[in-house]
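Noted in TrEMBL for the protein shown:
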SIGNAL    1-18  signal peptide
DOMAIN    38-160  domain 'FZ'
DISULFID  CYS122-CYS146  disulfide bond
DOMAIN    186-502  domain 'Peptidase M14'
ACT_SITE  GLU472  active site, proton donor/acceptor
REGION    590-633  region 'Disordered'
Amino acid sequence: MRPPPPLLLLAALAAAAARPGCPLARGPAGECHGPWAAHSATCVDMQLRTCSDVAYNQTTFPTLLEHRSREAVESSSEYILLSVLHHLLEGQCNPDLRLLGCAVLAPRCEGGHVHRPCRHVCEGLREACQSAFDAIDMAWPYFLDCGHYFSSVEEGCYDPLEKLRGGLDADEALPSGLPPTFIRFTHHSYAQMVRVLRRTAARCAPIAKTYSIGRSFNGKELLVIEFSARPGQHELMEPEVKLIGNIHGNEVAGREMLIYLAQYLCSEYLLGSPRIQRLLNTTRIHLLPSMNPDGYEVAAAEGAGYNGWTSGRQNAQNLDLNRNFPDLTSEYYRLAESRSVRSDHIPIPQHYWWGKVAPETKAIMKWMRTTPFVLSASLHGGDLVVSYPFDFSKHPQEEKMFSPTPDEKIFKLLARAYADVHPMMMDRSENRCGGNFLKRGSIINGADWYSFTGGMSDFNYLHSNCFEITVELGCVKFPPEEALYTIWQHNKEPLLNFVEMAHRGIKGVVMDKFGKPVKNARILVKGIRHDITTAPDGDYWRLLPPGSHIVIAQAPGYSKVIKKVTIPARMKRAGRVDFILQPLGTGPKKLLLGPRRNGSGPRDPPGGASPYGEPEEPGWEPLGGRRQPSAGGSKPWWWSYFTSLSQHKPRWLLKY
């Protein structure tokens, strides 16, 4: 926390000295603490635009920061900071921090009494959001000091984020007479979606839980429901699968399919379905029904049948999320020309962070970093086909062109696992939706359909171990409610069949001669120039087509181990292939070549980095890649903005 400028401090102290009845305990700006909060106050209507969505209607003056009028608040640098915070932090911690700040700048007033916000809420946000401030070289705002402006639960505090939660923890009872297994085949608003997911997780608590991977630009939780024998934990050699819907806000069928799938998995498990119990006991499944809840709200406002082709497609920043990921495919084509460097696990180039990166995109990338996903599908709408990487064409003019990955064979099997059991994709009529893909078996290489850059599927393949396909669920992007049950019937079996594909190929553990797991060891398959790496526990999964394969495990400081494996055509359970690596002798160690030559270069990411160009800290946020202060102690890039808008320079935002 940094004190305000000396002149302001003196003025605040002088003003405080003139007020009778103020306790001795004061903050850096001369504000009162303790008993003052409980004294009577005159409540007035809330008229601050930046704070218009708080969970209360009235405030009082002077505020906790001693602003004596609405005009004084609006001209303050504290208020200006709150109004631009979501832009400064690029959507992170929004609107949580703004609502927390409003609770201090415009305190809650009810029944003639002022109520302070809860200290534990402030502390939780500071722990989660401090790294975002550090990334832009900004000090934590003094008025969000949890020890000065907030109270404990015992002192009668309130949660300033209660409206943001929107009562979503409340259970939504089913109509009387309906069994708990009943699925409503309707469109779900954001609040309804969250209630259904949380209710489902509560019903199946031993095998399910919900968690958030971040927030949308407008502050909605990106809520995931997970199914596993041990929810919340990665189990050794249990493959991790993610299904993502609604990346385009107006393509809503995938959103509803995943909401229905969550309820179906829970109900079938409880009813004793052997297939579902086996699946959930051997697979960790993560469902993210809506990656773009802000865009969905725009599309839903128009309603089914009235939605245009693009209304609500983008997020609240007007960004197409499936064009917002790093373009690693161009780098792959460059690296593929050389045999001396790797062309997998390509790091994110630093210049990517110079552009506008959506918080939803960042959330997915952080999610991928913390979970060793093996398999993924992104559910879209607008056609009826399954596409697979690459989506960005290798054609010099970026025209559509067949552009396969080194794993073309397994990607085709993954796509067919979905399409071959989808009744409409197998319909022989060329006049139907998606009929132009009939001769291809309703699957297609993405770049052979149309080429685009910045897609999520290409990023998954080139940056991680995860293989992702794209499923177009139908020609109507926002189908009418009466069509949802039929769409579910068409996609239930394909979804299950696809998830079960996570068990194709081989799996195992890489360890040293003492049985210690070797993380980040490389698993190579001869003839497929795409390696995968072991998870922190030393386990790995390698999706492979049937046939014989030469598999190699290697890691820096160890001798490589080579094994020949044969995968039968009808084998539906991954074969276990473990590797025990022996340490090299005292001679020079053979180090694996990375995607870059030795030394640092312009591709290095901001902050400390791993061999793959990813920062080591688990709380990584790449926000400050272009925003570190220049040498010589000059002010951060955002300083001139505040000094041009406010007569009071907020030196408390400076770290030095």
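The backbone N, Cα and C atoms fix where each Cβ goes, and this holds for glycine too.
Predicted automatically and left uncurated, TrEMBL annotations should be read as such.
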**Item:** Distance from the residue listed as 'active site, proton donor/acceptor' back to CYS146 (disulfide bond), taken between C-alpha atoms, in Å
**Value:** 48
**Asked** Quick one: Cα separation, the residue listed as 'active site, proton donor/acceptor' versus CYS122 (disulfide bond), in Å?
**Response** 42
**Asked** What's the most sparsely packed of the recorded positions CYS122, CYS146, GLU472, counting other C-beta atoms within 10 A?
**Response** CYS146
